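Asker: Next up is a structure, given as structure tokens.
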Amino acid sequence: MAATVEGPELEAAAAAGDASEDSDAGSRALPFLGGNRLSLDLYPGGCQQLLHLCVQQPLQLLQVEFLRLSTHEDPQLLEATLAQLPQSLSCLRSLVLKGGQRRDTLGACLRGALTNLPAGLSGLAHLAHLDLSFNSLETLPACVLQMRGLGALLLSHNCLSELPEALGALPALTFLTVTHNRLQTLPPALGALSTLQRLDLSQNLLDTLPPEIGGLGSLLELNLASNRLQSLPASLAGLRSLRLLVLHSNLLASVPADLARLPLLTRLDLRDNQLRDLPPELLDAPFVRLQGNPLGEASPDAPSSPVAALIPEMPRLFLTSDLDSFPVTPQGCSVTLACGVRLQFPAGATATPITIRYRLLLPEPGLVPLGPHDALLSHVLELQPHGVAFQQDVGLWLLFTPPQARRCREVVVRTRNDNSWGDLETYLEEEAPQRLWAHCQVPHFSWFLVVSRPVSNACLVPPEGTLLCSSGHPGVKVIFPPGATEEPRRVSMQVVRMAGRELQALLGEPEAAVSPLLCLSQSGPPSFLQPVTVQLPLPSGITGLSLDRSRLHLLYWAPPAATWDDITAQVVLELTHLYARFQVTHFSWYWLWYTTKNCVGGLARKAWERLRLHRVNLIALQRRRDPEQVLLQCLPRNKVDATLRRLLERYRGPEPSDTVEMFEGEEFFAAFERGIDVDADRPDCVEGRICFVFYSHLKNVKEVYVTTTLDREAQAVRGQVSFYRGAVPVRVPEEAEAARQRKGADALWMATLPIKLPRLRGSEGPRRGAGLSLAPLNLGDAETGFLTQSNLLSVAGRLGLDWPAVALHLGVSYREVQRIRHEFRDDLDEQIRHMLFSWAERQAGQPGAVGLLVQALEQSDRQDVAEEVRAVLELGRRKYQDSIRRMGLAPKDPALPGSSAPQPPEPAQA
């Protein structure tokens, strides 16, 4: 690229950006500028806008330290723009020149046009951060090697086949990422980067590492995943500061034993390699991950040829929100859905091309099978076609909400197979502290969700007998003697803890204590042929030498019974210093209690119910600049203060409700009262009430728009929103539901919070659509849903001052936005309606227009309006499907598992 551009050419390019601007146009271009940040990467014609500013040289431009530009521009215009940066933005500290904002027909991100940088950029003396991701760089620009103050360099998703030796001369570099390139070797000079702390070289073609890499004395994180490494240099043991070493998905056959001696190493990821043997130091280390290796297996007779390892790069698909299907060929592919779910189809998974469809469903009680102590962590993913077996297992990664409590609990992926639900072997992958993936292998497609459950241990009991121990509580054991079963049968156990303070408060007895709650289940006949010995820890604080046996009770519960039975007199309790042992012939739930109370069964019912209740508060807030927009949320008690601090910048409203208790999966409703109604036709609105389902780890939040039939010009409307209980989950103790019924009608009421719609002045009266005459308009189609004229009017009424950002993301030119502002400068509503309807008329009849609108709303940080549009589309789709189903024209579609779907199996009762 040329380093300079002549003055007349620069002025001509700037004038092309807006020939009609007068001398004060620079002040109107500064909405792109926020403080010391200039973000032009999402604006059409960003380079022209920057050139225009460079010509005018406003004072604010000299203060810019952070600049973002899209490289999806004309190469010559991009070259001219970059050449002006050293003179016009001399204080620049961060420069982001990224592609990836545009996608191809399959949804994959497109690379930008950038292939080089002007030599003059080395004059940016203050530059510390340079991002060149998603471009077409084949070599590293020479000017980058002269940026002595550069601290972070991002080169991901380019076409680099090598890195220059001079890269090792950057004295301040602390962060370097070169993922998704074509690197085959690394320069030895890389080891001279003494300040480098994070190095990411994943998704390349590296087969060896230079020994000099051990010279990176400050390195904290090293990611070499998804390369072709067959061995590692011993010098890696010299990385004494290393904390994270990721080597999964390589061809490693051996690993240096000295890696176990790195003093600060907290994670060594060796999954999916060719490791058949490991040094004992690594095999026993708790921070090593080894899944997917053939450990202990014999080596093949003929080693595979290195040529065979040169597998063609697997195609990658990135789906946008308007796509719900994708093709898969026998070649395989890696797919990232718009909702964040990832799938990997290995080569040969399908014998013929197949189209995969997906839906992300909101959780509801009939669709989410939860055990008594399970918690839902994700929405429900449906993958179709159902039941089609793949020739190789497909990898599935689901994002989920990190559980609050992890002690004695585990995260699993639950799926439906042959009319029953089961849990898959699940591995967790941590991308960031609050961004976790649940990874599993699936042989066919169905419904999938992520749940947190008590740690489950299982084994196959042979006729010779065996021992089953709990990994969550080592003191819990089950001993199967020889002859307990004739045929091998599978048994499993779960252990649930209860806090001693909660029990003591419930009973009003400071000395009360309980053991962990034990659930035992099995397959096969309900009874064993020989008594099975169960060992439980004594209640906390109690020892076998000091306890009063008259206060020790063994309780037993067999679903679907509603009561806990005291079976202390029916078994022989053998006590040691720390444990109690007893024998049973069938499995169920067992619990040890230590209390002075006599009727322990009823207390156990209350305690078990308390174990499953969540203490929550309900909030109702109105948006400060649009009081008709109401946020409703149900929050765990410990999250209320932090959430309110975050929301009260944009919302205001009454104090949260008093604390109420709810079960996982319990339905509740929000009803607007005293003159206020919901202002939308929503699928979650039943008889004017907004439906919720409480899941403790999900957000439980909805934003709705309200209206009133009262005259707001006469006075403000003082209404309210009340919250009422709905259906309780099936697996709630019957006595809990009965207790609520005995409380009368008020048992369904939980809280009431005030809502106020302020009085409108005469000029602010409702004018939405008043006097507006537009041709009938339907945007979309019957199968994906329509947006009618009234729907678009509703959207227009929500946008307010955010409409220019939405317009730019819709592809409306900046000049057109300015023209609309000027033409309707005294009427904000008319500005919004004119922009939205003129865009809609141009899009009428074109596919993908509705998806483009939703995407623009999300990119403009108006998720609330985007969700309302989705709700309207979903309602339209339902009505359309119902109509064609009534006419007998609907194709057969696998039905959702309804409320009659079997729940996870409970222990059998003898």
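Glycine is treated like the rest: Cβ placed from N, Cα and C.
The structure displayed is predicted, hence computed values, not measured ones.
As annotated by Swiss-Prot, domain 'ZU5 1' applies to 322-454, with the evidence given as sequence analysis. Taken from Swiss-Prot, the feature domain 'Death' covers 788-873, and the record attributes it to sequence analysis. Positions annotated as N-acetylalanine by Swiss-Prot, on the basis of experimental evidence: A2. What Swiss-Prot records for S299, S305 is phosphoserine. Residues or ranges marked as region 'Peptidase S68' in Swiss-Prot: 423-452, 566-594. Taken from Swiss-Prot, the feature region 'UPA domain' covers 580-716. For 241-263, the entry in Swiss-Prot reads repeat 'LRR 6'.
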Asker: So which residues does the region 'Peptidase S68' (566-594) touch in its own chain, when a touch means Cβ under 8 Å and the partner is 6 or more beyond its ends?
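Answerer: Beyond its ends, the region 'Peptidase S68' (566-594) has Cβ neighbours at 475, 491, 511-515, 517-522, 526-528, 530-539, 542-545, 547, 549, 551-559, 600-601, 603-604, 907-910.
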Asker: Taking all residues of the repeat 'LRR 6' (241-263) together, what is their mean pLDDT?
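Answerer: That region's mean pLDDT is 89.
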Asker: DSSP-wise, what's the residue breakdown of the domain 'Death' (788-873) into helix, strand and coil?
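Answerer: Taking the domain 'Death' (788-873) as a whole: 69 helix, 1 strand, 16 coil.
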Asker: Could you put numbers on the helix, strand and coil content of the region 'UPA domain' (580-716), residue by residue per DSSP?
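Answerer: Counting residues per DSSP class in the region 'UPA domain' (580-716), I get 24 helix, 68 strand, 45 coil.
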